[in-house]
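For reference, TrEMBL has these:
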type	residues	note
DOMAIN	43-269	domain 'ABC transmembrane type-2'
TRANSMEM	44-62	transmembrane segment
TRANSMEM	82-103	transmembrane segment
TRANSMEM	124-147	transmembrane segment
TRANSMEM	159-182	transmembrane segment
TRANSMEM	189-208	transmembrane segment
TRANSMEM	246-266	transmembrane segment
């Protein structure tokens, strides 16, 4: 997985490589392209992309989840389940893909090699952020299109609010992933920690029990978790209202707080 990135690091550290802002931007572009190709070759991405599509198909075809229910105020289960599906994908990308890649790169010395090139290791973080955000946006768009076209699930009525909630949830979870990458000694350890963190966070996001069906105590706790706050914010936008300030503040706090902590603890080698 790391061969292309090592080659890029060696290429950019060649004495004939141009320096300056143009070189840095070119290096970032090459790194982003390499990371994107590596991501497409990762078998785990098939799972990340396939699971949300499978869930939409299952809940869209089952009569019990695709028919109006009093539990959802006359709505359908699937209409309320898309926000948890979206947050689940965000969680998988941030807690498994991002964490294991960065920790593995540090373990194999790739970040140390980049430190002597004009691009610098921080460019790899930017490349990872760009690639993962693009992947998340593509998968989310596919899920929304499938649910809308195949099962008549409405698109978010407050679309701007949905985009704000989505982006803040992504940045909050990326901050969580960076913190795990900073603390984990190896790629395998990062993947294990990320997996253990995923399940309780996914539960609070409503993956197993959607927000409207959660007990009040669990829903209150969910409001202060990154995936829970993201799921509730997106659900509110789906229903036509701008996300509640509480959820946006929680997501922003995770982004800033854990992002700052990660920057202090992150080791390049």
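Each residue's number is its place along the chain shown, starting with 1.
Here the Cβ of each residue, glycine as well, is placed from N, Cα and C on the backbone.
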Is it true that the transmembrane segment (246-266) and the transmembrane segment (44-62) have 3 or more CB pairs under 8 Å, sequence gap of 6 or more?
no
The transmembrane segment (159-182): which same-chain residues, six or more beyond its ends, come within Cβ distance under 8 Å?
86-87, 90-91, 93-95, 98-99, 102-103, 106, 125, 129, 132-133, 136, 140, 190, 193-194, 197, 226-227, 229-231, 233-234, 236-238, 241-243, 247-248, 251-252, 254-255, 257-259, 261-262, 265-267
Are there three or more C-beta pairs under 8 angstroms joining the transmembrane segment (124-147) and the transmembrane segment (44-62), sequence spacing 6 or more?
yes
Report, as numbers and ranges, which residues of the same chain sit near the transmembrane segment (82-103): CB under 8 Å and 6 or more residues beyond its ends.
1, 39, 42, 44-45, 48, 51-52, 55-56, 124-125, 128, 132, 135-136, 139-140, 143-144, 147, 153, 166, 169-170, 173-174, 176-178, 180-181, 184-191, 193-195, 197-198, 201-202, 205-207, 210-211, 227, 230-232, 234-235, 238
In terms of Cβ proximity under 8 Å, which residues at least six beyond the ends of the transmembrane segment (189-208) contact it?
81, 83-85, 87-88, 91-92, 94-96, 99-100, 102-104, 176-177, 180-181, 183, 214, 218, 221-222, 225-228, 230-231
